[in-house]
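**Q** Attaching a single structure in structure tokens format; questions to follow.
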Amino acid sequence: MAELFYDADADLSIIQGRKVAVIGYGSQGHAHALSLRDSGVDVRVGLHEGSKSKAKAEEQGLRVVSPSEAAAEADVIMILVPDPIQGEVYEKHIKDNLKDGDALFFGHGLNIRYGFVKPPAGVDVCMVAPKGPGHLVRRQYEEGRGVPCIAAVEQDATGNAFALALSYAKGIGGTRAGVIKTTFTEETETDLFGEQAVLCGGTAALVKAGFETLTEAGYQPEIAYFECLHELKLIVDLMYEGGLEKMRWSISETAEWGDYVSGPRIITDATKAEMKKILGEIQDGTFAKNWMDEYHGGLKRYNEYKKQDSEHLLETTGKELRKLMSWVDEEA
Ligand code: NDP
Ligand code: MG
Ligand code: MG
């Protein structure tokens, strides 16, 4: 069983006694910086020249300095810029500002797991990763609740790295919900696998294939959209609330029978064999290397895939249909 930690297991005074730099003010950055501040922690935000979120951070009462200044002032540095640029931000702004006993924090393990960031031996290396988007993390904190987090220590230079990570997690409300102990390796590999095989990659491909099967057979795209994309939310909400069992309790017996007999014909042994290959490429670093090459090579294939899908009948149909749904907010 996983090791779980709650408020009583975490000592907030540890992080309150440190100087924290949050580098980046996006989805996670704003939530961490604001909630740590509200937990009585000394926080500054490090943002690059021309940052789009600088004005917002200042409006919200935070002190914004350059990433280098933030790293120099602080002894706990949380890196919350996009994963593909963390290596560069580390080299340019953080590396030379690290002293023995400082702590380097991450919200995702990719750059440590694949060696794009190599911290010196005297520094604690920790992860606190909320299992939810930043806006939910902040909202839950403000409501006196929290989003569960996972926490890990890659390098325990001071001997107190995990206590520090738990203290940080408490400062953003994580221990109110529960913090699960993991490792950088486990978090990174399972996160990449989940988003590729199931959550994003697997689901998008499943929805598209189902939609294409119906429209190629002559059914109206609008009807196919409802059956293959729109209704997915109802099903996922049920699974989220009560697992497969609650989903099957709610759907008709006909749908449940079809689930049992047809599902395994869609996700076959061949699909699972491919999942194992994908996991292998995550574990041996092939995926991370290819992604960094793509990112730093100007995102050519990435933009091509994006364009292709934005022109797909599924997407153009959905755009029109969602105008009929007053309750759906396109602006997230
Ligand atoms: P976002 O893309 O939302 O935010 C990026 C922030 O970094 C912005 O404030 C952006 O500036 C800033 N930035 C961009 N370039 C630089 C630079 N060169 N120097 C300093 N700041 C820069 O990131 P996320 O919050 O999504 O992700 C941050 C980390 O959190 C990642 O490691 C991610 O894997 C992890 N994570 C994310 C989750 C999520 O829900 N999004 C969930 C759990 C973990 P600007 O002000 O110009 O926009
Ligand atoms: Mg991810
Ligand atoms: Mg139906």
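Cβ atoms here come from the backbone N, Cα and C positions, even for glycine.
Automatic prediction, not curation, is the source of TrEMBL annotations.
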**Q** Given that TrEMBL annotates Tyr25, Gly26, Ser27, Gln28, Ser51, Ser53 as NADP(+)-binding, name the residue from Gly132, Gly134, Gly144, Gly146 that shares the site.
**A** Gly134
**Q** If you measure from the Cα of Ser53 (NADP(+) binding site), which of the recorded positions His108, Asp191, Glu195, Glu227, Glu231 is the nearest?
**A** His108
**Q** Out of Ser27, Gln28, His108, Glu227, the recorded positions in the record, which is closest to Glu195 (Mg(2+) 1 binding site) when you go by Cα distance?
**A** His108
**Q** Please check each of the recorded positions Tyr25, Gly26, Ser51, Ser53, His108, Glu231 and report the ones with a CB atom less than 6 Å from an atom of ligand 1, ordered along the sequence.
**A** Tyr25, Gly26, Ser51, Ser53, His108
**Q** Looking at the binding-site residues Tyr25, Gly26, Ser27, Ser51, Glu227, Glu231, which have a C-beta within less than 6 Å of some atom in ligand 2?
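**A** Within range of ligand 2: none.
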**Q** If you count Cβ atoms within 10 Å of each one, which of the binding-site residues Tyr25, Ser27, Glu227 comes out on top?
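**A** The residue with the densest Cβ neighbourhood is Tyr25.
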